Ligand SMILES: Nc1nc2c(ncn2[C@@H]2O[C@H](COP(=O)(O)OP(=O)(O)OP(=O)(O)O)[C@@H](O)[C@H]2O)c(=O)[nH]1
Ligand SMILES: [Mg+2]
């Protein structure tokens, strides 16, 4: 703690933005650990995920949120609610935007960011735009028109070019957001990295492998629920997980020919769960059909996607 000035800051920074912008990647890079799952597919994150970054002069509680999009349906409504609830809880707002995507397809910029600009317009907190993935933008001059358009859309927002995966521009981003945190003591012990329960992280790990193994729109209508979690006297953790799909034919797609796909999901999940839980893991998975579950409020609630 910085006792020389007696000034310690503690507060919440929300990471908001369209799907696939790199919000979860940024959270993981800041924390030096994988707290949130990351995939190249949109709508990977479904819940608010905290990452607590503690150093000598501040404790920043980052809030990773589901991507803001225009899709309809019950589950989407919950995802959006959970993204906007993050804004209410924050002292500072960081909007993530994919600089590579928008430099190639400038017409998408306004379309994807408009709902977010409108959403934060009345927010009282300071807003920054983190133009992410600059490592993919070969001609850095291509960033200038983007910054110009953003500056017009959002005159009051500061713009910071970053690369979440390569760690570029992150010191500047940290220093900038820190200035906006209220003075106060840390809210969490310094060795606590998140408030997310291990069980949830285990389910997410499996969901990530599942997402990666599926094509097209299918990931969106799959979910993972941990049904069993026991630890025996030798420290072996037995996990039973249900993979939910929304249609009968999806079940066969998840399982794959001769069970190959599910086997591969299990192999990759086990490997990572061992690291996450620091011990031996026995993982069993079942694939179950619940027709159109993404529209079923009761079911959404039971798997943690509803209030
Ligand atoms: N090259 C490059 N890729 C990145 C960077 N940041 C994120 N990515 C990639 O972008 C994809 C999406 O990243 P996520 O962190 O899952 O994005 P998100 O904003 O959390 O997405 P949702 O949870 O779906 O809203 C992944 O394939 C990441 O590896 C970056 O700085 N550079
Ligand atoms: Mg995410």
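In case you wondered, yes, glycine gets a Cβ from its N, Cα and C as well.
Curation does not apply to TrEMBL; its annotations are automatic.
As annotated in TrEMBL, region 'G3' covers the listed stretch 64-67 rather than the other ranges in 60-63, 64-67, 68-71. Cross-referencing 124-127, 128-131, 132-135 with TrEMBL places the feature region 'G4' at 132-135. Ranges compared are 38-42, 43-47, 48-52, and TrEMBL records region 'G2' for 43-47.
All protein chains shown were included, and the count of other CB atoms within 10 Å of the CB of residue 17 (GTP binding site) stands at 25. With respect to Cβ neighbours within 10 Å, the binding-site residues 20, 65 differ, and 20 shows the lowest count.
Annotation for residue 134 (GTP binding site): same-chain Cβ neighbours under 8 Å, separated by at least 6 residues, are 99, 100, 140, 143, 161, 162, 163, 168, 169. Long-range contacts of the region 'G4' (132-135) within the same chain: residues 21-22, 26, 96-101, 143, 161-166, 168-169, each at least 6 residues beyond the stretch ends and with a Cβ under 8 Å from a Cβ of the stretch. Under DSSP, residue 20 (GTP binding site) is assigned to coil, being neither helix nor strand in the three-state scheme.
Remark: residue 68 (GTP binding site) has 16, 17, 18, 19, 80, 83, 115, 116, 119 as non-local neighbours, by Cβ distance under 8 Å and separation of at least 6 in sequence.
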